[in-house]
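First up is the structure itself, then whatever we jot down about it.
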């Protein structure tokens with residue numbers, strides 16, 4: 001009675017607020033603990049996460065080779081070695097272009113510094129040459145005074161390079177297993193989930209991986225378009241180091257919104273230093289125009305509704321990732337957000353079978369057409385990633401897609417079984433009465 005009186009004495013609004021508050025605190029505490037664990041294991045988590053991203057990009061090629069009759073392991077090895085060769089060749093080409101264009105950049109930079117010095121002396125500021133020399137000498141003195149700190153930073157950079165190489169090798173090792181036995185790894189992971197929710201979790205995980213495939217494909221396509229269009233603009237304006245700048249823009253596009261802004265600012269700054277103010281304005285207009293095409297045309301067309309994310313959510317996710325894990329966090333935050341968005345929607349959906357219906361229909365049409373092009377449902381749900389798990393004839397798998405007709409047949413069979421059992425009960429009952437007599 002006392003508890004009931006106290007409960008009635010406290011207004012309902014306070015009780016609801018208190019209940020929401022402690023649940024919110026529990027969620028925040030759990031997220032904090034998870035963040036600390038991930039930060040502590042970042043040496044392992046970052047390579048594994050990057051390997052998962054690359055697996056989403058490369059696994060369609062592995063399946064195409066497998067469908068042509070190439071063994072799974074050999075397909076994965078060929079795709080992995082081919083990818084490493086392409087990336088290595090591009091990096092070599094970029095380094096050669098940067099080395100060849102560096103002398104011209106130094107010459108233009110020297111001329112630009114002389115023009116800036118002349119503007120400071122003869123322009124509206126009317127600075128004296130001694131003031132400029134004092135500022136330069138102060139910078140040199142600052143470097144000399146902080147030589148120990150700079151040396152320590154260089155040693156830290158060397159350590160970071162060693163850590164990067166270790167993580168790179170780990171990433172390649174994990175990526176190879178993702179490409180060869182990703183299906184088995186996922187099935188083993190779902191064994192830790194209670195059996196009554198395992199089908200729903202399995203479907204959510206596969207749909208999340210499908211969203212990751214869509215995101216990585218679309219982001220790579222957008223990055224290529226950005227690099228090509230802005231690179232052509234830089235070449236027309238006459239900015240040096242076009243290939244290195246285009247490569248930088250390509251890499252920056254994998255960090256949505258912020259990456260394009262930062263790399264575009266670098267291109268504008270190089271144009272300002274080397275070609276002057278007018279050229280910098282032209283490059284700025286080119287960068288802004290390409291970003292508008294990217295945001296309003298390319299991303300909606302390539303991503304569609306499957307991994308549609310609000311720009312505010314993207315910016316907040318990148319900011320949190322950058323604050324928690326630096327550059328790797330900024331790179332991985334948006335893919336993680338896309339995966340969580342798709343997985344949570346699938347988990348909270350009232351009837352996941354409704355979501356699976358489109359998968360079976362698209363899979364059937366794709367098999368009839370035989371075009372070899374993945375359907376929209378394959379890209380969204382990840383059917384292409386794990387095709388053997390979605391075969392309609394596989395009755396042992398709880399997540400197999402079934403049509404409505406299949407459900408009706410099963411219901412009819414169960415009804416027939418019930419009617420047969422009732423008939424047998426009636427027969428035994430009618431026969432048992434004379435025995436008792």
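Along the chain as shown, residues are numbered 1 onward.
Quick reminder: no glycine exception, Cβ is built from N, Cα and C everywhere.
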**Range annotated as transmembrane segment in TrEMBL, from 140-159, 160-179, 180-199** = 160-179
**Asked** Pick from 101-124, 269-292: which range has transmembrane segment per TrEMBL?
**Response** 269-292
**Message:** Taking contact to mean 3 or more CB pairs closer than 8 A (sequence separation of 6 or more), are the transmembrane segment (73-96) and the transmembrane segment (12-34) in contact?
**Reply:** no
**Request:** Find the member of 12-34, 40-61, 215-236, 269-292, 312-340 that has more C-beta pairs under 8 Å to the transmembrane segment (160-179) than any other listed stretch.
**Result:** 40-61
**Request:** Name the range, of those listed as 12-34, 215-236, 269-292, 312-340, that has the largest tally of Cβ pairs under 8 Å with the transmembrane segment (40-61).
**Result:** 312-340
